[in-house]
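Undergrad: My questions will all concern the structure given below.
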Amino acid sequence: MKVTVLGAAGGIGQALALLLKTQLPAGSELSLYDIAPVTPGVAVDLSHIPTSVKIAGFSGEDATPALKGADVVLISAGVARKPGMDRSDLFNVNAGIVRNLIEQVAATCPKALIGIITNPVNTTVAIAAEVLKKAGVYDKNRLFGITTLDIIRANAFVAELKGKQPEEVNVPVIGGHSGVTILPLLSQVPGVSFNEQETASLTKRIQNAGTEVVEAKAGGGSATLSMGQAAARFGLALVRALKGESNVIECAYVEGEGEYARFFSQPLLLGKNGIVERRPVGELSAFEQHALSSMLDTLKKDITQGEEFVK
C-alpha cells in the first residue's frame with residue numbers, strides 16, 4: 001500500500017505526514033513531495049520514528065517519482081489563508097497548482113484514489129475532475145474533496161456545548177467546504193437536541209471555524225494541525241477500504257447524481273475501488289432544508305468556476 005502526499009513540506013502536509021508515518025499499516029510506503037527543497041529532509045526527519053512505514057521524500061518541479069505506484073494520493077499543496085482572505089481568494093494561486101499536480105497524477109497513477117485538501121475545495125475538486133476527464137482517466141468514484149475537518153470541528157463543538165465525550169459524537173456534514181455551503185446536520189446527532197438559537201449559532205461557528213483559527217493565529221497561519229488530523233483520518237479510511245475492510249463510511253465532497261449540485265458532500269460507503277455507495281442525506285429539519293436550498297447557488301458558482309478554469 002503506497003500513500004503519496006503532494007504538498008508535504010507545508011503546515012498541513014507535515015502534520016499529515018507525521019500522522020501517516022505513525023498510523024499507516026505496517027509495511028506501507030509513504031512518499032512525500034513538495035516543490036520546496038526541504039522535502040527530502042522532512043522524510044529523513046520522519047524516518048527516525050521507529051514504525052514499519054517506509055518513507056521517501058522528493059522535491060523540485062516533477063512529482064512523478066513520488067507518484068509512481070501510488071494507491072492513494074493526498075493533495076495539500078498551495079498557499080494558505082491569511083487574515084482578511086476567504087477560501088475563494090486562494091483560487092487565483094491554488095487552481096494552477098492543482099491542475100499541474102493532477103496532470104501528473106493522471107499520467108503516473110491514474111487508478112489512485114485522490115483526496116483533495118487544497119482550498120477552495122468546492123472549486124479545486126471540479127478542476128481535478130475536468131483535468132482527469134481531459135486525460136481520459138476520470139472515475140468519479142476515485143476523486144474526493146476532503147471535508148473531514150468540518151466533521152471533526154462539528155464533533156468537537158457539539159461535545160463542548162453538550163458536555164459529551166467528543167469520541168462519541170458523530171455529526172454528518174453535507175454540502176461543500178466553505179462558508180454557507182458547509183451544512184452540519186445537527187438534527188441527526190443521536191441523543192442530543194438543540195434549540196433554534198443553538199442550532200443557528202453552532203452552524204455559524206462550524207461554517208466560520210477556519211476564520212476563527214486564522215484570526216487566532218494573528219497572521220501566523222491557518223488551520224494546519226486540525227486539518228492534518230482530518231486528512232489523516234480520511235486517508236486512513238481510504239487505506240482501510242482498499243485493504244477490504246467492510247463498512248468504512250465517511251463524508252466527502254464528490255460527484256454524485258447531481259440531485260443538489262454536480263459535486264456535493266454526503267456520507268459515502270468506501271471500498272476497494274473507491275466509492276461503493278453514495279448514501280442519502282436523510283431527513284432534514286426545516287432549518288437544514290432552508291440552509292440547503294439557500295447555499296446551492298453559491299456551491300454551483302464555485303463548481304462552474306473550476307470547470308471553466310480547465311476549458
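Every residue gets a Cβ built from N, Cα and C, even glycine.
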Undergrad: Which residue of Met227, Met295 does Swiss-Prot report at the same NAD(+) site as Gly7, Ala8, Ala9, Gly10, Gly11, Ile12, Gly13, Asp34, Asn94, Ile117, Thr118, Asn119?
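TA: Swiss-Prot names Met227 for this NAD(+) site.
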Undergrad: Report, as a single number, how many Cβ atoms besides its own are within 10 Å of the Cβ of Asn94 (NAD(+) binding site).
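TA: Excluding its own Cβ, the number within 10 Å is 22.
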Undergrad: Under 8 Å between C-beta atoms and at least six apart in sequence, can you list the same-chain neighbours of Met227 (NAD(+) binding site), or say none if there are none?
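TA: Sequence-distant Cβ neighbours: Ile12, Ala15, Ser76, Ile117, Leu149.
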Undergrad: Pop the Cα-Cα gap between His177 (active site, proton acceptor) and Ala9 (NAD(+) binding site) into the table, whole Å please.
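TA: Computed Cα spacing between Ala9 (NAD(+) binding site) and His177 (active site, proton acceptor) is 23 Å.
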Undergrad: Where among the recorded positions Arg81, Arg153, His177 do you find the Cβ with the fewest other Cβ atoms within 10 Å?
TA: Arg81
